[in-house]
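Step one of this worksheet: look at the structure below.
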């Protein structure tokens, strides 16, 4: 059976919805509710409406889902018998940069229109190699384009992971063991020099799943009923939102849960996978990279023209919901244009990558366009 795995597309769609909620709710709270949710904890917001907004704001794990999908995809690509490192790196550049450059230009123009100071040439140059994703470098992100911090993680992983696999093969070390060791090392050893890189765990967790045979993925997916997965998701997110666990503890918990969700999406034999394959959600997943890069522009223009769209008779709560929906639709519109211009040409010129075949046998199964597992 061939064709796109719509469950994986839908998982990307969920990830961008979560990311949108982070930035819309965070902007709304900082603008209209009198506090920065990055600083003010859940318990310190007095009204129920504020607490709901805060809960939605704490959806940063959308990016973590993207990392796991990317790790899975890259692992599948690297395990192919015809893998070539230089060709792979070239394809990654072709996949990443067109959409990124279009978004960067769009964000700078939007900033000028909204009378936000233009960044200096040095900052622009360093953003071009994603050093804004390394806080210790001191590089300032481009306004509205700050989400590209995650591309720093992606690029480092793209360049290093194949070398880890090839090095393990050369040294005759079990590849899976090498991936686990490298993942923990890359996530935590830089902290000895003051660099925070813990989120690499998600990329390597996805890569571990990508290394597993299809039968093992199906078995793992079957071990966890959908209801249990949903309950675990709610509990883990609630623990973080209510500050009962630290970010570091959440990273490990969600990496484990995310691996299970990824297995269920790849397997496709459950109600969760069916829900993720819901056509509108799966379609959103196909434009998720452009959406991820550009949704902040839509949000910025929404807030700039807020009172032109505000309907007094709806009240505060309904207006916040309506405006959030309007911003989401606007983000989809500009993302679709970006996809047509900067992404679809890549997919037309590159063959699909089999995302669910057994990496040891290459047995045919569901496939997905090369590079589409990333946002």
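The backbone N, Cα and C atoms fix where each Cβ goes, glycine too.
Among the features that TrEMBL reports, domain 'Acyltransferase 3' is placed at 6-339. Mean pLDDT across the domain 'Acyltransferase 3' (6-339) comes to 95 in this model.
The annotation transmembrane segment is assigned in TrEMBL to 12-32 (among others). Counting same-chain residues at least six beyond the ends of the transmembrane segment (12-32), those with a Cβ under 8 angstroms from any Cβ of the stretch are 38, 50, 53-54, 56-63, 65-66, 69, 147, 276, 280-286, 288, 291-292, 295-296, 299, 303, 316, 320, 324, 327-328, 331, 372-373, 375.
Per TrEMBL, the feature transmembrane segment maps to 52-75 (among others). Within the chain carrying the transmembrane segment (52-75), a Cβ under 8 angstroms from the stretch's Cβ atoms is held by residues 8, 11-12, 14-19, 21-22, 25-26, 28-29, 33, 37, 40, 42, 45, 150, 153-154, 157-158, 161-162, 179, 199, 202-211, 237, 240-241, 250-251, 254-255, 258-259, 261-262, 266, 288, 292, 320, 353, 355, 359, 368, 371-375, all 6 or more beyond its ends.
The transmembrane segment annotation in TrEMBL covers 96-118 (among others).
Long-range contacts of the transmembrane segment (156-189) within the same chain, counting only residues at least 6 positions beyond its ends with a Cβ under 8 Å from a Cβ of the stretch, are 70-71, 74-75, 78-79, 83, 85, 88-89, 92, 197-201, 203-205, 207-208, 211. The transmembrane segment feature in TrEMBL is assigned to 156-189 (among others).
Residues annotated as transmembrane segment in TrEMBL: 195-212 (among others).
Summarising the annotation, TrEMBL assigns transmembrane segment to 224-245 (among others).
Residues annotated as transmembrane segment in TrEMBL: 251-278 (among others). Sequence-distant contacts of the transmembrane segment (251-278), counting only residues of its own chain at least 6 positions beyond either end whose CB sits under 8 Å from a CB of the stretch, comprise 5-11, 13-14, 61, 64-65, 68-69, 72, 198-199, 201-202, 205-206, 208-209, 214, 217-218, 220-222, 224, 226, 229-230, 232-233, 236, 239, 245, 355-356, 366.
Residues annotated as transmembrane segment in TrEMBL: 290-309 (among others).
For 321-342 (among others), the entry in TrEMBL reads transmembrane segment. Here the transmembrane segment (321-342) has long-range neighbours at 20, 24-25, 28, 98-99, 101-103, 106, 284, 286-287, 289-291, 293-295, 297-299, 301-302, 306, 309-311, 314, meaning same-chain residues at least 6 beyond its ends whose C-beta is under 8 angstroms from one of its own.
Counting same-chain residues at least six beyond the ends of the transmembrane segment (96-118), those with a Cβ under 8 angstroms from any Cβ of the stretch are 124, 127-128, 142-145, 148, 151, 154-155, 289-290, 293-294, 296-297, 300-301, 304, 334, 338-339, 341-343, 345-346, 374.
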